[in-house]
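Structure first, then comments.
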Amino acid sequence: MFSLMANCCSWFKRRQEPVRKVTLVMVGLDNAGKTATAKGIQGEYPEDVAPTVGFSKIDLRQGKFEVTIFDLGGGKRIRGIWKNYYAESYGVIFVVDSSDEERMEETKETMSEVLRHPRISGKPILVLANKQDKEGALGEADVIECLSLEKMVNEHKCLCQIEPCSAILGSGKKIDKSIKKGLYWLLHIIARDFEALNERIQKDTIEQRALEEQEKRERAERVRKLREEREQREREQAELDGTSGLAEMDPEPIIVNPFQPIATVIIENEKKLEKEKKRQNMENDCDACPLTHRMEHERSRISDSSQKNSELGTVENYTEALTQPLENEDETDQPSSESDNSKKKTKKLRIKRSHRVEPVNTDDSVPKSPTPPPPPPPDFYGKPLPPLAVRQRPNSDVHDMIS
Ligand SMILES: Nc1nc2c(ncn2[C@@H]2O[C@H](COP(=O)(O)OP(=O)(O)OP(=O)(O)O)[C@@H](O)[C@H]2O)c(=O)[nH]1
Ligand SMILES: [Mg+2]
């Protein structure tokens, strides 16, 4: 009767206990069997596993414990993330592949690194000597020896339990009893020192979060600086590529299309032709004027023409090439008998053509071609372009090499 009452009191007392949330971290080399073990605990088929990239998380209820297990990837490159989970861990599950003797040294170093971390030292550790079903797997004593386990745990003041097991034996309620036993042991130790552990974990977690925030800010700052440097480099490169200077002053430069519609070219040419005609008329009128006046007139005309040349660019050059016969016509149309006028005219023509690249002047030394170039039709630009052969070419005095 007394014992029944004591049991009832104990049950009632346990019911009053608050639910404790406990986080565990599961680590070990890749291929050790961590995910298989975690799946087995959860009641899933343990053999259907793939290497863990990052982590996987399982939640389970064990008596008064709400347990969260972080199953972390064990690959060499992923091991760096383990430390991010140490602060909130109440204990460690370290899984060892007992059948892989060759990697025992690596396992030892890795375990030592975990236990000496300031956020792990002093916390309980469960070692699962996994894959006992495999032939040649090391037994419990061999694993302890290979890992120098006693020495290591004493050094870092960690309570330790080792369980030889096989994760693929079963799952859920049929899970390997050693795994179940090991888990009970770990939770029991945690429950015993819960207050002290909990205080440490709260403190470590706050520090860890602050550190993470700091790292995040530093990372963002690094990214910002890198972006700024890259943009600066791009700007400098753009300047080197010649988009600086005028291009910078005028962000949208006007690009003159060299391939203008033919109608535009014709209109330009017509204008030019009209101007030429006017000029000719004026020249005829001016023939009566004194030579100096005419010289002045020619100079202003040349400068006007040069300016226009630079303005009109390609089109103007083309126009000039086409209007060349008009100037020749000036030359040929002058009556040769008027000797005074002829002298004046020669001088005038030299000035007139001074802005062009001319062949050696043949006016005096070489006799003129017996067949003068054909005069252009009066309405030249109103008609289709003449055949290439009759068009006056620049430097037409020089004959083609191949004729
Ligand atoms: N024979 C045998 N095979 C096992 C046992 N436990 C796991 N395996 C197999 O070992 C391989 C690796 O198992 P995982 O659970 O993925 O190993 P892990 O430790 O999670 O590996 P990472 O995620 O890469 O860190 C899988 O093919 C499992 O089926 C076991 O107890 N016995
Ligand atoms: Mg895994």
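From the backbone N, Cα and C atoms, a Cβ is placed for every residue, glycine too.
Curation plays no part in TrEMBL annotations; they are all automatic predictions.
TrEMBL names G28, L29, D30, N31, A32, G33, K34, T35, N130, K131, Q132, D133 as GTP ligands; from the candidate set G74, G91, G172, the record adds G74 to that same site. Applying DSSP to the compositional bias 'Basic and acidic residues' (212-238) sorts its residues as follows: 27 helix, 0 strand, 0 coil. All protein chains shown were included, and the count of other CB atoms within 10 Å of the CB of K131 (GTP binding site) stands at 24. For ligand 2, the binding-site residues lying close by, meaning a CB under 6 A from one of its atoms, are K34; the full candidate list was G28, A32, K34, D133. In the three-state DSSP scheme, K34 (GTP binding site) is classed as helix. Counting only the Cα atoms, the space from A32 (GTP binding site) to T52 (Mg(2+) binding site) is about 11 angstrom. Spanning the listed GTP site, residues G28, L29, D30, N31, A32, G33, K34, T35, G74, N130, K131, Q132, D133 have a farthest Cα to Cα distance of 21 Å. The separation of T52 (Mg(2+) binding site) from D30 (GTP binding site), Cα to Cα, is 8 Å.
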